[in-house]
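> Residues or ranges marked as domain 'FMN hydroxy acid dehydrogenase' by TrEMBL: 19-384. Residues annotated as glyoxylate binding site in TrEMBL: Tyr45, Tyr150, Arg185, His282, Arg285. Annotated FMN binding site per TrEMBL: 97-99, Ser126, Gln148, Thr176, Lys258, Ser280, 313-317, 336-337, in sequence order. What TrEMBL records for His282 is active site, proton acceptor.
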Amino acid sequence: MAHYGDHQLQIYQAGLKGARPRLPMRMEDLEDAAHAVLSRESYWYVAGGAGEITMDANRTAFDKYRIHPRMLTDVSERDLSVTLFDRILPSPLLLAPIGVQSIIRPEAELAVARAAAATNVPMILSTVSAHSMERVAETMGDAPRWFQLYWPRSPELAASFVQRAEQAGYEAVVVTLDTKMMAWRARDLQNAFLPFLNGQGLANYTSDPWFRDGLERPPEEDMWPAVRRWAGEFADPSKTWKDLATLREATKLPILVKGIVHPDDARLALEHGVDGIVVSNHGGRQVDGSIAAIDALPGVATMVNGRVPVLFDSGIRTGSDVLKAKALGADAVLLGRPYIWGLALDGEDGVREVIKRVLADVDLTMALAGKAQFAEVDGSLLVD
Ligand SMILES: Cc1cc2nc3c(=O)[nH]c(=O)nc-3n(C[C@H](O)[C@H](O)[C@H](O)COP(=O)(O)O)c2cc1C
Ligand SMILES: O=C(O)C(=O)c1ccccc1
């Protein structure tokens, strides 16, 4: 039986023939290499946060939790599969929604979609993408894909987005709640870098009949009206939990909410009928000084108590991070910035390589800790 960990042997074998890995192996070196090929503005847009406190905490907080390995269990056949919304996925990894990927490469989400499809890792396409959700879907065949919704001000546009997603074969809608506005981001302000103000990442809007109807000139002629309309539609700070009902009516797809870090919000989300929760602090890009995402996970998972899937992101970099998240109550995890470094360095192949490395690390670390089934990893994996 093939295992994700086999990728390790392939890299060694190539190395013995003199072929060093195309992409640096250490995550820190991978990011440095991406830094070297990207413009200063693009690199910092991705790497930066709303300050550094929470971004750093997202990583260092993992160190508090330690794996307690067990010996002499049979780990000859491993299984990383998880079941989410009746779909069996081969691994617990999904790609986090990351907007405006055209600042990295023009193929942007199309390259990421191909890499996701090749590995059967669901891509969560951002609302703010350079290629429309239909175009991205076309490149993916039957491969799993979800749609992330930046919940527009107008119910007509919100309904149109989720219905288009449903039509194009997206299997779930992830509504991001933590971005009713952009945070104060000193680096981007310094660089005067706001990619969407140049019209980047607006393909889902400019391809939308309702959105286009309200424009005085078509975006093909003049992008400005579209940018202005987008700025008004992007989010609605007045939205509250009760508004979820209108989204619920607009689609049959499972609805997850992303950006939950408080158990009481998890409770409210359940009371308002969501089908899943993504524990996330947006990679430290929204509230600097906020709780590290992994520290928020146990409280949310306890509140949810298995009623709906709990997913996790913000700080996942290694196999042990994935296993710790599972042990602390996550059913699956989202990989964020690392795949963007892969995209920057080697396009579709780079994204695929980063995915394969993380999965190899999960597989090997799980086996070495004495577990054969990802589904069976629970709190007992960790030191009390
Ligand atoms: C450049 C960038 C753009 C992002 N765009 C979106 C987005 O469009 N929608 C969304 O829900 N989250 C967005 N996020 C947040 C990610 O989905 C995810 O929560 C975050 O990257 C996790 O942190 P990590 O990458 O440090 O692990 C973005 C993150 C980055 C770095
Ligand atoms: O930069 C981000 O974190 C983000 O979520 C976003 C928001 C709007 C457009 C593109 C990305």
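Along the chain as shown, the residues are counted starting at 1.
Including glycine, each Cβ sits where the backbone N, Cα and C put it.
For each listed feature, how buried is it and what is near it?
DSSP gives Tyr45 (glyoxylate binding site) a helix state. Taking all protein chains in view, 23 other C-beta atoms sit within 10 angstroms of the C-beta of Tyr45 (glyoxylate binding site).
In the three-state DSSP classification, Lys258 (FMN binding site) falls within a strand. Long-range Cβ neighbours of Lys258 (FMN binding site) (same chain, at least 6 residues apart, Cβ-Cβ under 8 Å): Pro97, Gln148, Val174, Val175, Thr176, Leu177, Asp178, Val278, Ser280.
Residues near His282 (glyoxylate binding site) in space but far in sequence (CB under 8 A, at least 6 apart, same chain), listed by position: Thr176, Asp178, Thr179, Gly259, Ser314. His282 (glyoxylate binding site) falls within a helical segment according to DSSP.
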> Compute the C-alpha separation of Arg317 (FMN binding site) from Tyr150 (glyoxylate binding site), stating it in Å without decimals.
25
> Which of the three DSSP states, helix, strand or coil, fits Arg185 (glyoxylate binding site)?
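Arg185 (glyoxylate binding site) sits in coil per DSSP, no helix or strand.
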> Round to a whole number and give the Cα-to-Cα distance in Å for the pair Gly99 (FMN binding site) and Tyr150 (glyoxylate binding site).
10
> Using a 10 Å cut-off on CB atoms, tell me which of the binding-site residues Arg285, Arg317 is the least crowded.
Arg317
> May I ask for the distance between Arg285 (glyoxylate binding site) and Arg337 (FMN binding site), taken between their Cα atoms and rounded to an integer number of Å?
12
